[in-house]
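According to TrEMBL, the protein carries these features:
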type     : residues : note
TRANSMEM : 29-45    : transmembrane segment
TRANSMEM : 66-87    : transmembrane segment
TRANSMEM : 107-132  : transmembrane segment
TRANSMEM : 139-159  : transmembrane segment
TRANSMEM : 199-217  : transmembrane segment
TRANSMEM : 238-259  : transmembrane segment
TRANSMEM : 306-326  : transmembrane segment
TRANSMEM : 347-366  : transmembrane segment
TRANSMEM : 378-402  : transmembrane segment
TRANSMEM : 409-431  : transmembrane segment
TRANSMEM : 451-472  : transmembrane segment
TRANSMEM : 585-604  : transmembrane segment
Amino acid sequence: MESGTSRPQPPQTDLLDAFPQKGLEPGDIAVLVLYFLFVLAVGLWSTVKTKRDTVKGYFLAGGDMVWWPGLFSVLMLAWIFLPIYIAGQVDMYAGAIFIQQSLHLDLYLAIVGLLAITAVYTVAGGLAAVIYTDALQTLIMLIGALTLMGYSFAAVGGMEGLKEKYFLALASNRSENSSCGLPREDAFHIFRDPLTSDLPWPGVLFGMSIPSLWYWCTDQVIVQRTLAAKNLSHAKGGALMAAYLKVLPLFIMVFPGMVSRILFPDQVACADPEICRKICSNPSGCSDIAYPKLVLELLPTGLRGLMMAVMVAALMSSLTSIFNSASTIFTMDLWNHLRPRASEKELMIVGRVFVLLLVLVSILWIPVVQASQGGQLFIYIQSISSYLQPPVAVVFIMGCFWKRTNEKGAFWGLISGLLLGLIRLVLDFIYVQPRCDQPDERPVLVKSIHYLYFSMILSTVTLITVSTVSWFTESPSKEMVSHLTWFTRHDPVVQKEPATPAAPLSLALSQNGMPEASSSSRVQFEMVQENVSKTHSCDMTPKQSKVVKAILWLCGIQDKGKEELPARAEPVIVSLEENPLVKTLLDVNLIFCVTCAIFIWGYFA
């Protein structure tokens with residue numbers, strides 16, 4: 001009978017082989033193939049179900065999405081706040097670790113195949129395909145991650161066993177005279193020492209909350225989904241579902257990672273740089289392999305394939321969201337500005353082509369991400385977020401809650417905040433954090449000011465700049481802030497005066513007795529003539545081959561053959577009214593969800 005403090009016996013593997021040559025079994029591969037086919041089928045089904053031949057249908061899913069696909073939000077890690085392009089690159093590398101080691105495929109071959117499937121239904125279906133496949137992949141992720149959590153806790157004797165054995169999980173080759181490789185004493189605490197810890201509690205409470213507001217309240221990836229909801233109640237329901245699911249990462253990701261250190265201390269908890277380099281090609285440490293190591297060593301055949309599908313689902317979900325959102329920004333904000341008279345068909349083509357360009361850039365960027373990971377992927381991501389996102393978040397919040405905020409204040413606030421953030425970012429790249437066994441000779445600005453504290457400093461500087469400049473410059477008019485702040489959201493809608501009908505065409509006789517139109521009438525006549533010529537040109541459109549028609553249908557660009565009369569504009573739902581019963585139910589859930597979060601914070605504080 002083993003004692004309570006004995007170390008669990010993991011499967012025997014070579015000490016220097018983090019991923020033994022135990023590939024996926026035929027059952028695992030079958031599960032993985034079925035998963036790919038199922039996701040592809042759902043994505044293509046959504047292309048048939050939804051209206052994709054308009055800009056609104058492609059980029060906003062037709063504004064007709066119900067609440068339940070909103071649970072996709074749990075796929076986005078709340079503590080990762082990178083801009084769209086950087087997030088895509090990091091997700092690509094993080095997923096590549098698992099794919100390459102479990103399938104023993106060439107890295108680029110695995111990534112190209114993954115991107116090909118992702119791009120097919122993103123290009124074909126737009127936001128609707130992204131949301132439906134994300135909803136499916138969320139379910140798969142929850143099943144797989146909860147299963148692995150059960151196996152993990154069973155291997156160490158539950159939560160009590162985890163707390164007891166985690167501090168005994170030391171690498172056998174660790175030097176006894178060094179503190180490197182020791183578990184942190186505050187490993188089970190959320191709020192840690194404000195001066196000496198890796199995550200000081202004031203920084204977590206305030207410095208991390210500011211970039212979090214940027215991500216969840218202003219980032220295109222999230223806001224685009226809420227705009228696609230049927231109404232305000234559906235948007236709130238999706239946000240609540242995501243909030244409930246956000247409780248789970250602590251139990252399905254963090255704790256299993258700690259279990260992996262207990263089961264495989266010589267690999268996951270390695271402290272010697274040379275040994276770590278041999279184990280995972282990273283002298284800084286091998287904590288990045290904790291989760292895939294647990295999957296490949298602990299789960300039986302079949303479940304291992306399911307978890308492979310889960311890891312791929314997480315990657316594909318992030319990529320599809322990033323691809324569609326980046327395509328929306330480029331098409332609607334940049335291309336529309338360069339070509340304000342671009343047709344609906346042109347905008348649709350540009351959006352699809354930009355997705356394909358993102359796929360190419362993602363592949364070319366893989367070596368850069370590989371070279372820059374340094375064993376501190378989470379810290380690397382979070383620090384960049386703390387340097388670039390607080391100014392944007394502060395400007396957005398002030399614009400929503402202070403009617404005096406104007407364009408000049410926002411501009412100079414962003415300039416000052418982003419300039420300071422870029423300076424700190426460059427210093428971080430120049431003065432890299434040393435390893436545990438090396439002295440820290442970095443400048444005081446980099447060494448002594450934690451990146452979360454720097455986030456608070458950036459926010460304060462931006463707040464002061466925006467307030468000062470806005471106060472001493474012209475305030476925006478009432479029309480400029482109507483419906484754009486919290487306090488003016490219920491302003492009455494001002495109806496525009498109907499356009500004055502055009503005056504009848506008056507003709508005067510010229511010297512030769514022929515009627516002559518005035519200059520203004522001539523312009524109207526030329527516009528009518530131009531429209532008539534367009535109609536005739538559409539009638540002469542040559543017939544297209546079946547292959548061309550199939551490609552156009554797949555991309556949602558359907559040529560009607562004749563120019564149709566402009567359709568009646570669809571009414572845009574801008575009402576903030578909600579069903580009283582539904583509103584009460586949502587408000588009660590909001591209070592309950594916040595209470596649960598506060599309880600968990602207090603329990604692990």
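Cβ from N, Cα, C; glycine included.
Stretch with the most C-beta contacts under 8 angstroms to the transmembrane segment (238-259), considering only 409-431, 451-472, 585-604: 585-604. At the 8 Å Cβ cutoff, the transmembrane segment (451-472) and the transmembrane segment (585-604) share fewer than 3 close pairs (sequence separation 6 or more) and do not count as touching.
Long-range contacts of the transmembrane segment (409-431) within the same chain: residues 383-384, 387-388, 390-392, 394-395, 398-399, 442-443, 445-446, 451, 454, 457-459, 461-463, 465-471, 473, each at least 6 residues beyond the stretch ends and with a Cβ under 8 Å from a Cβ of the stretch.
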